[in-house]
Each structure stands twice: as C-alpha cells, then as structure tokens.
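Trainee: Before we start, here is the structure in question, set down as structure tokens.
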Amino acid sequence: DYQQLWTTFGNSEAECSFVLLLMAVFWMTEVIPLAMAAMLPAILFPIFGIMKSSDVAREYFKDFHFLLVGVICLATSIAKWGLHRRVALRLVTLVGVSPVWLILGFMSGTAFLSMWVQNTSAVAMVMPIVEAVLQQILKANEKQIAGEVNPNLQMDESDGHEEKMKEPSRYVKVHFRPSVANKRDRMVCKAMCIGIAYSSNIGGISTLPGTSPNLIFSEFLNQMYPKCNCINFGNWLLLCFPISLIMLVLTWLWLYWLFIGSDFSFLWQCGGEQTEKERAAKKVIEEECKSLGPMSSQEIFTGVVFLLMVLLWLTRSPGFMPGWSSLFPHYSGYITDATVALLLGLLFLISLFLLQPVSMISWREFQESMPWNVALLVGGGFALAEGTKVSGLSLWVAELLEPLGDLPVLATITVACIIVTTVTEVTSNAATITIFLPILSALAEAIQVNPLYVLIPTTLCTSFSFLLPVSNPPNAVVFSYGHLTIMDMVKAGIGTNVIGVLATLLAVATWGVPLFSLDTYPDWAPVYPGSNSTSP
C-alpha cells in the first residue's frame with residue numbers, strides 16, 4: 001500500500017503525505033523557524049489542488065487563538081504587577097526552610113503558576129527567587145567553614161580535586177568535612193534547579209490553557225470531531241490534576257534520592273533547631289516578602305479576575321450538573337472557554353477606562369508577551385490536519401493501521417506514549433503534538449478505540465521533555481544559571497519520564513475511563529467498513 005501510494009504520486013493522498021513529511025522534517029530539524037515551516041500548507045495545498053487558498057487560510061485562526069489572547073493578557077498582568085512572586089513565596093513559606101522542603105515548596109509554586117501562565121514564564125518568574133536563596137545557602141556554608149582549622153582550604157575551593165592533594169594525616173579529617181558539605185550544597189542546588197524546570201511542565205498539563213499541546217489537542221478535537229463536546233476545563237482538571245500531584249511528589253522524591261541521599265527520615269521527622277543554612281534561607285524569603293509590601297490595587301484586580309476566570313471555566317459546562325452556559329439554551333455550544341478568556345482578558349487592556357488611573361497592561365506589553373510564533377505554528381497544524389482529512393490521507397492511514405487492532409489497547413497506547421515522549425525530547429512540544437495528532441486519531445479510528453483513549457495520554461506525554469537543556473525553553477532557562485551539567489539533566493530526566501508515562505497510563509486506565517467513557521467507541525467518531533472493534 002505504501003509503495004502504491006508513492007508510485008501513483010499525483011493523487012491527493014500522496015501530495016498531502018509529502019507536505020506532512022516535509023513539515024515534520026523542518027519542525028524536527030528547525031533548519032528554518034517553526035512558524036515559517038507552519039505556513040507551508042498555505043502555499044502547497046492550493047498548488048497541489050488539495051484545498052483552496054481561502055479554505056486553508058480559515059484554518060490558521062481558530063477558537064484556540066482567542067483563548068490564547070485572553071490567557072496571555074492575564075499572564076502579562078500577573079508578571080507586571082508581581083502577583084507571581086507573592087504566590088510563590090507564600091507557597092514556599094508553607095513547607096518550611098529546610099533545603100529539602102524548600103525544593104518541594106519552589107516546585108509547588110512553579111507548578112501552580114504554570115497551570116495559568118506559559119511554562120517558560122513560570123520558570124522565569126521563580127528562578128530569580130530560587131537563585132537568591134541558593135546563594136544565601138552557599139554563603140552560609142562558607143561562613144560555617146571559615147571557623148575550621150584548615151590551612152589548605154583556599155586551595156581546596158579553587159580546584160575541587162581533594163584526591164590529588166598530599167596532606168599530613170592530622171589535616172585529613174578537617175579537610176574533607178567542608179568538601180562534603182560543599183558537595184551536598186551543590187547537589188541541593190542541582191536538585192532545586194532541575195525541580196523548577198520539571199515542575200513547570202508537570203503543572204502545565206493540569207489545565208487546558210496551561211501548555212500549548214493541551215490547547216492544540218482541544219482545538220484539534222473540535223475540528224476533527226465537531227460533535228464531540230466531552231472536553232472542557234473542568235473534566236480535564238479532574239483527570240490531570242491528580243496526575244500532576246503524583247508526578248510532583250514522586251519527582252521530588254526521585255530528585256532527592258538521585259542528588260542528595262537515600263535517607264528519607266525527614267518525611268516523618270519535624271522540629272529541631274534550624275541550621276545556619278536554614279536561617280539564611282529563611283532570612284532571604286522574609287526579606288523578599290517584606291519587599292513586596294501590602295497588596296496593591298493592581299494585584300487585587302489581577303487576582304480577582306484570575307479567580308473569576310477559573311470559576312467561569314469550571315462552571316461553564318461541568319458535565320455532572322447544568323452549567324451557566326445552559327442559561328442560553330437557544331445558543332448551545334456557542335460559548336466556549338475562549339469566550340470567557342477573551343472577555344476577562346480584555347479587561348486588562350481597557351481597564352484604563354474602568355478602574356485604574358493607568359491601564360493594567362498596555363497594548364505594547366501584550367504584544368511583547370504574545371507568542372505569535374506559537375499562534376502561527378498551531379495554525380499550520382490545524383491546516384495540516386484539515387488537509388489530511390480532505391485529501392483522504394487520514395482514511396488511508398486508518399486502513400494501514402488496522403492490523404494494530406489485534407494488540408491489547410493499553411499496549412498500543414503505551415508504545416505511542418513512548419514514541420511521543422522520545423520525539424518530544426528533540427522537537428518542539430507544539431510541533432510534536434501537531435505532527436502526531438492526525439496519525440494517532442487515524443490509529444484510534446482504525447482499531448475502533450475511543451480516540452480520547454489514545455489522544456489524551458499522548459498529548460500529556462508531549463510535555464514530558466525532561467532529558468536535555470534544548471528539549472524545551474524551561475530547561476534551557478534553568479540550565480543557563482550554571483548549576484547543572486547535561487548529564488545531570490539526562491539522569492534526572494530518564495526517571496522523571498518513566499514517572500510521567502506510568503502516572504498518565506494509570507490515570508487513563510482508571511479514573512479516566514468513567515470520566516470520558518473511554519471503554520466505548522463514541523458515536524461522534526467515524527466507523528470505517530471492515531475496522532476491527534476493540535475495547536479497552
């Protein structure tokens with residue numbers, strides 16, 4: 001079948017597959033900017049006669065973009081008026097000032113922020129605070145070392161190679177004590193920095209607007225399956241928030257074991273006198289909190305709009321009860337999460353005429369924060385998805401993948417998750433999910449499995465790019481601070497990837513089944529003649 005497709009080059013399936021492969025190569029190699037490669041369908045589809053230029057153009061601006069505009073307005077205001085610092089510091093103070101608990105506190109704060117703002121923005125907001133705390137911990141250790149009798153201490157700190165130094169036996173014990181302390185503090189720095197990078201991705205999967213792959217998946221579902229109204233902010237949060245909690249706790253414990261030690265007695269021990277490093281960290285956090293002062297009117301306005309946006313998202317169409325959208329019975333399905341986000345997001349831009357002597361954010365600040373490249377990238381993905389449907393390529397792929405129906409469904413999904421997790425390490429998350437969504441939806445249709453059962457876990461796994469500094473921007477931001485090596489990130493990322501894939505599979509195989517009726521093939525998905533009927 002594959003050879004026949006290419007030997008008859010000139011039909012729409014072959015031409016669309018060429019466009020798909022060309023975009024995949026450009027997106028994976030990044031030889032040209034991602035947004036530029038995303039515009040290829042606008043050129044090639046009309047040339048090949050797959051879609052009219054006007055039809056392709058309509059795919060480049062969807063409901064997703066309005067949702068993105070509203071969310072970016074909120075995120076810009078949060079960053080401008082410093083609400084993120086107040087939230088992060090408040091979460092950190094709840095867990096204590098011990099370095100181990102500080103790691104969890106900063107990870108929790110970053111994860112919470114990344115639920116509502118871009119992952120990179122969440123890391124950029126938190127890392128300056130983390131760096132200040134880490135420097136105080138290191139300085140406290142230097143002060144502690146200063147009182148030790150060690151004539152070779154300065155040499156030890158300068159080159160760090162204790163084993164090469166020939167010393168009298170009377171200095172051996174004193175010499176190694178500060179070295180061990182230095183090593184432990186460096187390991188704390190590594191664990192905290194990696195935890196910040198990873199928790200931004202972990203928190204981002206919890207909500208639909210939390211990360212680009214989630215939004216791309218939601219809009220793809222609306223485009224490919226117009227009758228599917230089963231994904232909304234509320235039920236996505238019910239599915240994915242427990243996954244984030246499981247991943248956050250297990251990743252914290254994994255990083256502690258990998259970098260700090262295997263003694264987990266701190267989990268049930270509490271109290272005791274604070275060390276010099278803990279007092280130093282506490283002092284930094286207290287100073288940061290004092291520097292914020294009382295909440296400004298801008299922070300209060302931002303917080304109120306944020307809470308209102310979340311409340312309206314949760315209650316629009318919760319599923320188990322009528323939502324506020326039922327107040328418009330004659331316009332069922334007209335109001336979406338994008339409507340709410342755009343309405344409240346624009347309040348920040350027009351607040352100059354409402355409440356504030358100055359606007360909450362300016363249009364220039366919004367433009368600087370708006371990821372226009374992501375908007376174009378996603379638009380190109382939607383155009384590509386529509387092209388595969390119109391050309392018949394999705395049907396051809398579905399027929400090709402029918403033999404996979406003989407495998408256990410969970411095994412098929414596991415393989416798909418591993419493939420996506422591997423590819424996303426070297427490719428943009430948004431590009432990865434855009435490439436795989438049409439293929440995986442065709443796979444689900446071919447084996448007669450609820451498309452959500454395949455698409456949801458693979459969408460989540462697209463965010464599990466933990467291995468390399470170049471895997472995603474949060475990793476690169478944290479790596480730039482200089483506390484990490486590539487091997488540190490690779491070792492930590494392997495374990496975190498395993499934790500993420502297993503937690504995702506656990507969720508979709510348990511509480512995800514009744515939440516989305518994953519054990520039945522829905523009536524909103526197409527049925528192809530001769531397809532294998534498979535149930536989880």
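Yeah, the Cβs are placed from backbone N, Cα and C, and that goes for glycine too.
Whatever TrEMBL says is automated annotation, not expert-curated.
Found this in TrEMBL, in case it helps:
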TRANSMEM  18-44  transmembrane segment
TRANSMEM  64-83  transmembrane segment
TRANSMEM  95-117  transmembrane segment
TRANSMEM  236-259  transmembrane segment
TRANSMEM  300-319  transmembrane segment
TRANSMEM  331-355  transmembrane segment
TRANSMEM  375-397  transmembrane segment
TRANSMEM  409-440  transmembrane segment
TRANSMEM  492-513  transmembrane segment
Trainee: Is the transmembrane segment (64-83) packed against any residues at least 6 beyond its ends, judged by a Cβ distance under 8 Å, and which are they?
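Mentor: Same-chain residues near the transmembrane segment (64-83) but 6 or more away: 116-118, 121, 125, 209, 215-216, 218-219, 292, 296, 298-299, 302-303, 305-306, 309, 336-346, 348-349, 360-361, 365-366, 369-371, 374-375, 378-379, 382.
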Trainee: Near the transmembrane segment (375-397), which residues from the same chain, at least 6 beyond its ends, have a CB less than 8 A from one of its CBs?
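Mentor: Residues 1, 5, 12-13, 15-17, 19-20, 23, 34-35, 37-42, 45, 50-51, 55-56, 59-62, 64-65, 68, 212, 215-216, 219-220, 223-224, 428, 430-431, 433-435, 437-439, 441-443, 445-446, 528.
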Trainee: Who are the long-range neighbours of the transmembrane segment (236-259) in its own chain, taking Cβ under 8 Å and residues 6 or more past its ends?
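Mentor: Counting only partners 6 or more residues beyond its ends, the transmembrane segment (236-259) has Cβ contacts under 8 Å with 100, 103-104, 107-108, 111, 187-188, 190-191, 194-195, 198-199, 202-203, 205-208, 214, 314, 456, 460, 488, 491-492, 495-496, 499-500, 503-504, 506-508, 511-512, 515-516.
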